[in-house]
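Everything below concerns the one structure shown next.
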Amino acid sequence: MKGKFITFEGIDGCGKTTQIKLLKEYLFKKGYNILVLREPGGTKVGEKIRDILLDKDNFIFPMTEMLLYASSRAQLVSEKIIPALQKGKIVIADRFVDSSYVYQGYARELGIETVKVVNEIATIGILPDITIYIDITPEEAMKRRGKREADRLEKESMEFHEKVREGYVKLIKQHPERFVIIDGMQEISKVHQCIITVIKKYL
Ligand SMILES: Nc1ncnc2c1ncn2[C@@H]1O[C@H](COP(=O)(O)OP(=O)(O)OP(=O)(O)O)[C@@H](O)[C@H]1O
Ligand SMILES: [Mg+2]
């Protein structure tokens with residue numbers, strides 16, 4: 001496909017949304033045609049699934065959780081990602097399939113293989129060209145999330161977030177060709193500079 005598919009990954013509060021906004025502004029000024037999407041969500045149906053997933057009053061089994069994420073993703077791929085890439089756009093996604101490997105496969109212990117089988121069907125095998133992983137400690141992430149009210153996933157324990165980070169480290173070792181690790185402990189503008197340096201090489 002003509003376009004480029006960039007995804008952002010990392011633990012809750014690492015700075016994904018902040019950095020995507022800055023990257024979008026940067027690429028927009030350079031004249032690129034950009035589409036920013038978030039997961040779960042990004043489509044009308046997907047946003048409804050998002051509400052179910054993030055509602056802190058919902059008790060959701062790990063398998064249900066994984067399938068709901070995959071449903072939202074299937075909709076996003078067919079409705080938004082493929083058409084945009086065919087038009088030559090740069091698609092930037094706030095989380096994608098790697099989040100399922102790490103959160104549901106690893107941290108919730110459903111197993112990477114189960115997540116892989118479901119997600120290969122859901123995404124029709126589409127993978128990002130490049131995945132920016134913003135690395136920060138769970139302690140720093142908690143500080144940054146600060147006083148805002150925690151959603152269902154953010155209410156998880158520090159050990160859970162530690163396990164998610166561990167999951168990312170393992171996943172990145174398996175796919176070094178696609179991942180770029182960015183030190184997210186730096187100030188916002190420095191993180192942005194690092195990301196631009198990387199993205200420039202790919203476009
Ligand atoms: N490098 C940074 N240094 C200090 N604070 C930061 C940095 N990056 C982001 N923040 C702040 O941390 C908070 C969380 O950032 P942001 O919402 O971008 O993270 P996120 O990865 O999108 O989180 P979530 O996974 O919950 O959506 C925000 O208040 C943001 O302003
Ligand atoms: Mg965010």
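Placed from the backbone N, Cα and C atoms, the Cβ positions cover glycine too.
What you see is a predicted model, and the numbers here were worked out from it, not measured in a lab.
As recorded in TrEMBL, the features of this protein are as follows:
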- Gly10, Ile11, Asp12, Gly13, Cys14, Gly15, Lys16, Thr17: ATP binding site (BINDING)
- 8-195: domain 'Thymidylate kinase-like' (DOMAIN)
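According to DSSP, Lys16 (ATP binding site) sits within a helical segment. Note: Ile11 (ATP binding site) has non-local neighbours Ile136, Pro138, Ala141, His161, Val164, Arg165, Tyr168, i.e. same-chain residues 6+ apart with C-beta under 8 A of its own C-beta. Every protein chain shown contributes to the tally, and the Cβ of Gly15 (ATP binding site) ends up with 24 other Cβ atoms within 10 Å. One way to see the shell of the ATP site is to take the Cβ centroid of Gly10, Ile11, Asp12, Gly13, Cys14, Gly15, Lys16, Thr17; the remaining same-chain residues with a Cβ within 8 Å of it are Ile134, Ile136, Ala141, Arg144, Gly184. Sequence-distant contacts of Lys16 (ATP binding site), defined by Cβ-Cβ distance under 8 angstroms and a gap of at least six in the same chain, are Phe8, Glu9, Gly10, Asp94, Arg95, Ile134. Here the domain 'Thymidylate kinase-like' (8-195) has a mean pLDDT of 95 out of 100.
Within the same chain, the residues at least 6 positions away from Cys14 (ATP binding site) whose Cβ sits under 8 Å from its Cβ are Ile134, Asp135, Ile136, Ala141, Arg144, Gly184, listed in sequence order.
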